[in-house]
Amino acid sequence: MGLSLIEGFTKSLAMTVLSEIGDKTFFAAAILAMRYPRRLVLAGCLMALIVMTILSALLGWAAPNLISRKWTHHVTTVLFFIFGFWSLWEGFTEDGEVEELKEVEAKLDADWKAGTGGTNGGSKGDNDLKKQQRPFLTQFFSPIFLKAFSISFFGEWGDKSQIATIGLAADEHPFGVVLGGIMAQALCTTAAVLGGKSLASQISEKMVALSSGVLFLVFGLHSFLSVES
């Protein structure tokens, strides 16, 4: 039990860090933090990723109760190999290092212009006063928080890191997977929010993709060679 918990924690931590750095949600958090209060962006993005990690781990935990653990182990092994080769292919065929950053920025720019088109009438001082008068807790359910939450949550839904988390939780201790995933999400999201676009633009998507591909293949090989009791 203890070894499985540690393995689940370390695998989830390493996999999530390499999957999230340079991901669309990472770039979105960095860009949003340049335009909105950082604490709201960090809270919204991090809350979404924590919820997604817990949901994914729960799905993985429930899987062995629906089908045999032997089959979930085999499916997890196959998924690791698929995601490993997929990530390597993305790394070797990547044309531009900041292509995804530009794509996310263009999408958020369009949304920004559409959202601020009719709100230029009020003064900045009035807006700041309204924010100060707003109760502390309600600030975290403001449109900014909800926007950061929704962008991160739906950006991660169906992503290979989410599917890999489900498979990992089915094969390892779910609590360890959750702890490792949450810690990794906290590190990556905090770095994105504090570092902003300057940090995001310096990240080599090619190297991240190649590193994550190798890691997925190592996990797949380890899972393939492990003996099911």
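Backbone N, Cα and C define each Cβ position, glycine as well.
A TrEMBL annotation is a machine prediction, not a hand-curated record.
Here is what TrEMBL records for this protein:
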TRANSMEM  40-59  transmembrane segment
TRANSMEM  71-89  transmembrane segment
TRANSMEM  136-155  transmembrane segment
TRANSMEM  175-195  transmembrane segment
TRANSMEM  207-225  transmembrane segment
Sequence-remote partners of the transmembrane segment (207-225) [C-beta within less than 8 Å, at least six residues beyond its ends]:
11, 14-15, 18-19, 21-22, 73, 76-81, 83-92, 94, 164, 168, 171
Same-chain residues near the transmembrane segment (71-89), Cβ under 8 Å, at least 6 residues beyond its ends:
63-64, 160, 163-164, 167-168, 170-171, 209-210, 212-217, 219-220, 223-224, 226, 228
